[in-house]
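K.L.:
Can you read through this structure? Questions will come right after.
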Amino acid sequence: MDIEFLTIDDLDLAGKTVLVRVDINTPVDPNTGGLLEINRIKECSVTLRSLEDSKVVVASHQGRVGRYDYVSMRLHAKVLSEVMDREVKFVDDVFGKAAREAIENLKVGEILLLENLRFTAEENFEFSPEDAAKTHIVRNLSKHLDACVLDAFPTAHRAHPSIVGFAEVLPTCAGRLVAKELKSLSRVVLTAKAPYTTVLGGAKISDRLEAIDALIENGKADNVLLTGLIAQVFLKAANKIKFPLQKDLEKYVPRARELLNRYSENFYMPDDLAINKNGERVEVRVEELKPDMQVYDIGEQTIRKYSKIIRSSGTVFMSGPPGFFEKVGFDKGTNELILALASSLGTTIISGGHLTAALERLGVKEWIDHISTAGGALVMFMAGKRLPLIEALKRASKRWREEKALQQSRA
Ligand code: 3PG
């Protein structure tokens, strides 16, 4: 895998005003609005520390429209300031007058965090690079910027203006995190061997459903072990759950049915589940499941079955937790499957903030070959799909090299 991109060391950014597109999209406590963990904020500080001689404008999205986590980034600025141990200014604007003035007033060494990018309509849609370059956000901000650093690997699969637009009009390079991910992934992909097992879980189903057939077709998922909410969708599609699922899940059932018909050999579904009965973990067989039961984890028999497959795989890729791992008693599926990966002799890749947090708690980080803060983006990457952020970096690198060659030929 050879990806051509520029790094911070290639561009002369001293004294320049630099936009750093990070991904500090963070789980939010629905009751208090507080940030539940700050891993991504800590990680992005590595790139920001490399830009101490620049005027740094940081931008990220947070949550999705209509969800409880669609909140301001003011708190992120406070946490980032604590992590960096220096002032991080905040402006509650993305590309309006207040944001533009705040950028113009920046001095070398200062950091400014913009408001949640998704507070602007455009940042919630996908664009071609050419159209993204014409959006209001890119046109308004780029006049005040000299360069762009793309460091949002978890958002690499979204062709949003901040991911693909600035790279068309500004010198653009990869941040430290993106460079680290791509370097490590290239190494891991080289050593990976069959049989390939993909363990899918978590709450974000659409990205995973979109990638499954590419994963299987590209030989990257001989076995697909289903956990979490996606397991319920497939159990319904296989007619093992007979009652309607909640609306958000039911809409995915036809697609799951199609996939099951095409690749019935590849899929493994839970035989049993753990439900939350007045706070207690209770094991139930899938056929005993009732509509009013709250599924919080995969069951013990399923854990044993899946662990055995994981241990005998050449490569295991796990994305999204199998259950409510934050709740004691319902962390069993997550913990046991992670431990199976850690003790597997194959190549192991773990993706997503939740699993990273669980890994840290279990103290087995060093036993995993590649750990990524990205969730859906890494699933797409493993499936061999083109990621808009990587394509933007490639184009920016090509353009920069062509311009350099032209300058040299004129000199
Ligand atoms: C993630 O957490 O996976 C990224 O921040 C992307 O978020 P999204 O799925 O809401 O685009």
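Each Cβ is built from the backbone N, Cα and C atoms, and glycine gets one as well.
The substrate binding site feature in TrEMBL is assigned to Asp23, Ile24, Asn25, Arg40, His61, Gln62, Gly63, Arg64, Arg118, Arg158. Here TrEMBL flags Arg40, Arg118, Arg158 as (2R)-3-phosphoglycerate binding site. Per TrEMBL, the feature ATP binding site maps to Glu326, Gly352, Gly353, His354, Leu355.
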K.L.:
Under a threshold of 6 Å between Cβ and any atom of ligand 1, which of the binding-site residues Asp23, Asn25, Arg40, Glu326, Gly352 are retained?
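P.N.:
Once distances to ligand 1 are taken from each Cβ, Asp23, Asn25 fall under 6 Å.
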K.L.:
With a 10 Å radius around each C-beta, find which of these binding-site residues (Gly63, Gly352, Gly353) has the fewest other C-beta atoms nearby.
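P.N.:
Checked Gly63, Gly352, Gly353; of these binding-site residues, fewest Cβ neighbours within 10 Å: Gly63.
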K.L.:
Show me the subset of Arg40, Glu326, Gly352, Gly353, His354, Leu355 whose Cα is within 10 Å of Asp23 (substrate binding site); these are the binding-site residues I mean.
P.N.:
Arg40
K.L.:
Identify all same-chain residues not among Arg40, Arg118, Arg158 whose C-beta atom falls within 8 angstroms of the centroid of the (2R)-3-phosphoglycerate site's C-beta atoms; report them in sequence order.
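P.N.:
Checked against the 8 Å cutoff, the neighbours are Asp23, Asn25, Ser60, His61, Gln62, Leu117, Ala152, Pro154, Thr155, His160.
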K.L.:
Tell me, in order along the sequence, which binding-site residues from Arg40, His61, Gly63, Arg118, Arg158 have their CA within 10 Å of Gly353 (ATP binding site).
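P.N.:
Candidates kept after distance check: Arg40.
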K.L.:
Can you give me the Cα-Cα distance between Asn25 (substrate binding site) and Arg40 ((2R)-3-phosphoglycerate binding site) in Å, rounded to a whole number?
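P.N.:
Asn25 (substrate binding site) to Arg40 ((2R)-3-phosphoglycerate binding site), Cα-Cα distance: 8 Å.
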K.L.:
Find the shortest Cα-Cα separation between Arg40 ((2R)-3-phosphoglycerate binding site) and the binding-site residues Gly63, Arg118, Glu326, Gly352, Leu355, and name the residue that gives it.
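P.N.:
Result: the closest of the binding-site residues to Arg40 ((2R)-3-phosphoglycerate binding site) is Gly352.
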K.L.:
Can you tell me which of the binding-site residues His61, Gly63, Arg118, Arg158 is spatially closest to His354 (ATP binding site)? Compare CA atoms only.
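P.N.:
Among His61, Gly63, Arg118, Arg158, Gly63.
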K.L.:
Quick one: give me the count of other CB atoms within 10 A of the CB of His61 (substrate binding site).
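P.N.:
The answer is 25 other Cβ atoms.
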K.L.:
Around the ATP site recorded as Glu326, Gly352, Gly353, His354, Leu355, what other same-chain residues have a C-beta within 8 angstroms of the site's C-beta center?
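P.N.:
Here the non-site neighbours turn out to be Gly202, Gly320, Pro321, Phe325, Thr356, Ala357, Ala358, Gly375.
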K.L.:
State which of the following binding-site residues has the fewest other Cβ atoms within 10 Å around its Cβ: Asp23, Glu326.
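P.N.:
Among the binding-site residues Asp23, Glu326, the lowest count of other Cβ atoms within 10 Å belongs to Glu326.
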K.L.:
About how far apart, in whole Å, are the alpha carbons (Cα) of Arg158 ((2R)-3-phosphoglycerate binding site) and Arg118 (substrate binding site)?
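P.N.:
If we compare the Cα positions of Arg158 ((2R)-3-phosphoglycerate binding site) and Arg118 (substrate binding site), the gap is 12 Å.
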K.L.:
Determine the Cβ neighbour count for Arg40 ((2R)-3-phosphoglycerate binding site): the number of other Cβ atoms within 10 Å of its Cβ.
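P.N.:
Result for Arg40 ((2R)-3-phosphoglycerate binding site): 24 neighbouring Cβ atoms inside 10 Å.
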K.L.:
Give me the non-local Cβ neighbours of Arg118 (substrate binding site): same chain, 6+ apart in sequence, Cβ-Cβ under 8 Å, ordered along the sequence.
P.N.:
His61, Gln62, Gly63, Arg64, Val65, Tyr70, Asn124
K.L.:
Can you see whether DSSP assigns Arg158 ((2R)-3-phosphoglycerate binding site) to helix, strand or coil?
P.N.:
coil
